[in-house]
Amino acid sequence: MSEKKGKWRLTVRKDFAAAHQLRHYEGKCERMHGHNFMVEAQVEGDTLSQDTELLVDFKVLKNMLKEILGDMDHCHLNEHPAFAVHNPSSENIARHIYKGLEARLAGSGVDVKSVSVSEKPAQTATYFEE
Ligand SMILES: Nc1nc2c(c(=O)[nH]1)N=C([C@H](O)[C@H](O)COP(=O)(O)OP(=O)(O)OP(=O)(O)O)CN2
Ligand SMILES: [Zn+2]
């Protein structure tokens, strides 16, 4: 019988404020409006650092998220290069953040599991890869 290998999953949350307008959307969301977006990122791994026994320091993870969100904070997202072609929907914002975290964590042994973006508490888009 194979033994199961334990893993850890860490979650960090941070918000940012931005304006956007959904292209090709028939309704009020095609007009410019803003949100305080809430972002939740989950990362996963199976090895803790030898000395501190952390998967990855929350501080490091939060700084990565801060850097990615800082680039969008108080912006008109339609003018941001990441959304020049893709609509600045919650779905695409989540994917953009996921890719940014993935690049920053490359080679660390820690994988990005998912990124969720909420325009408000009752509606959330989550990006993950299988
Ligand atoms: N799947 C998605 N659907 C919608 C997104 C999105 O990112 N992904 N975004 C929007 C708009 O950005 C909009 O701001 C939110 O729209 P909505 O909740 O419909 O509008 P209200 O905040 O005014 O809510 P009411 O329930 O109509 O009062 C739309 N859809
Ligand atoms: Zn919106």
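Cβ atoms here come from the backbone N, Cα and C positions, even for glycine.
Look at TrEMBL and you will find HIS20, HIS33, HIS35 tagged as Zn(2+) binding site. Sequence annotations record features per position, and here TrEMBL assigns active site, proton acceptor to CYS29. Sequence annotations record features per position, and here TrEMBL assigns active site, charge relay system to HIS74, GLU119.
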When the Cα of HIS35 (Zn(2+) binding site) is compared with the Cα of each of the active-site residues CYS29, HIS74, GLU119, which one is closest?
GLU119
Comparing the recorded positions HIS20, HIS33, HIS35, HIS74, which residue's C-beta has the most other C-beta atoms within 10 angstroms in this structure?
HIS20
What other residues of the same chain, not counting HIS20, HIS33, HIS35, have a CB atom within 8 A of the CB centroid of the Zn(2+) site?
ALA18, ALA19, GLN21, CYS29, MET32, GLY34, LEU77, GLU119
Give me the Cα-Cα distance between the residue listed as 'active site, proton acceptor' and GLU119 (active site, charge relay system), rounded to a whole Å.
12
Let me spell it out: for each of the active-site residues (CYS29, GLU119), count the other Cβ atoms within 10 Å of that residue's Cβ, using every protein chain shown. Which one has the most?
GLU119
Where HIS33 (Zn(2+) binding site) and GLU119 (active site, charge relay system) are concerned, what is their Cα separation in Å, rounded?
11
